[in-house]
């Protein structure tokens, strides 16, 4: 039996891979499959609003079901910066290591790990353009910002500097199975699956 297709409003291959690993019962397609699609500007004030904006815009375009995801890191000592600007605050830098190093520079005066508190958060929105239904949920994982960039073939974004609470290493030093069990994205997707199962 063919898997149900859900479109993901992203061109990020790493994000598509994570969603595919967690949502194994569905075929995940993304903006990489519809190159003519023009992404909408993320101009909202919260992670939830941005996620829903992306999901709704794509769902209406394909006249189907789409998921929007907005993920970021919030550093307590920086008043929750970069927050919703996590993806674009360091522009024109695009290399994940460079962006992480730039954030570390802002914390170089703080030399105690317990004073480098942060959290990773993911907001997930699903919009069904046919039935006009929507679901939005935000999850977070508390932790700390490491003192160095932990370069690795695993991970992306801020995985290289974020140590989840209760662990002694950054996401990038974990295998994908472990990260996918404890990440904010996994928590949010679990709630999404509950919603999907309940509306079948």
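Just so you know, glycine gets a Cβ as well, placed from its N, Cα and C.
Annotated active site, proton acceptor per Swiss-Prot: 70, in sequence order, evidence recorded as sequence analysis. Marked as substrate binding site by Swiss-Prot on the basis of sequence analysis: 10, 11, 12, 13, 14, 15, 71, 156, 157, 158, 159, 179. Per Swiss-Prot, the feature Mg(2+) binding site maps to 41, 70.
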In whole Å, could you give the widest CA to CA gap in the substrate site formed by 10, 11, 12, 13, 14, 15, 71, 156, 157, 158, 159, 179? 21
Cα-Cα, residue 12 (substrate binding site) versus residue 41 (Mg(2+) binding site), nearest Å, comes out at 16
In the three-state scheme derived from DSSP, which category covers residue 41 (Mg(2+) binding site)? coil
The binding-site residues listed are 10, 14, 41, 157, 159; by CA-CA distance, the one closest to residue 70 (active site, proton acceptor) is 10
Cβ contacts of residue 157 (substrate binding site) (under 8 Å, same chain, 6 or more positions away): 14, 71, 73, 86, 96
What's the most sparsely packed of the binding-site residues 10, 14, 71, counting other C-beta atoms within 10 A? 14
Let's check the environment of residue 159 (substrate binding site): how many other CB atoms sit within 10 Å of its CB? 22
Integer Å distance between the CA atoms belonging to residue 41 (Mg(2+) binding site) and residue 10 (substrate binding site): 12
Of 41, 70 (the recorded positions), the residue whose Cβ has the fewest other Cβ atoms within 10 Å: 41
For residue 12 (substrate binding site), list the number of other Cβ atoms lying within 10 Å of its Cβ atom. 18
Simplified DSSP label at residue 159 (substrate binding site) comes out helix
Can you tell me the three-state DSSP label for residue 10 (substrate binding site)? coil
Three-state secondary structure, residue 71 (substrate binding site) (per DSSP): strand
Taking the Cα atoms as reference points, how far is residue 159 (substrate binding site) from residue 41 (Mg(2+) binding site) in Å? 24
